[in-house]
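Down below is the structure, laid out as structure tokens.
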Amino acid sequence: MESLYRVPFLVLECPNLKLKKPPWVHMPSAMTVYALVVVSYFLITGGIIYDVIVEPPSVGSVTDEHGHQRPVAFLAYRVNGQYIMEGLASSFLFTMGGLGFIILDRSNAPNIPKLNRFLLLFIGFVCVLLSFFMARVFMRMKLPGYLMG
């Protein structure tokens, strides 16, 4: 197999280039990269690709027993479809849970005072638990009867 990889390089020869990095290109800080990762995670879990391709409405509507239109944020009984607000709300919860885990990890640093450590642990646990239980509530709104024991 290695001989097959060698065949193109018998004909091709790498040029002798001396490339330098442009002076205006700087290494981004860790927080800049982290912010880009969190924003991209928010957009991807929110279904931005689905929203661009399918172009769903931001919220839906359902007719009640009196004939009035009532807005709904969740497209019930459809796992493979969503409204834009539904995707953004779910994405916010997923991102909040992920940030909760990161806050819990940051509370482990050795130089944090005891009160700050307690506050970080509390905020981290609240973020993780709130996002978990709200995701379960969203699933019950999306699929009534699901996860009902």
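Here the Cβ of each residue, glycine as well, is placed from N, Cα and C on the backbone.
What you are looking at is a predicted structure, and each value in this text was computed from that prediction instead of being measured.
In terms of which side of the membrane each occupies, Swiss-Prot places V11 together with N108. Beyond the ends of the topological domain 'Extracellular' (54-83), by six or more residues, the same chain brings 47, 89-90, 138, 141-144 to within a C-beta distance below 8 angstroms of the stretch.
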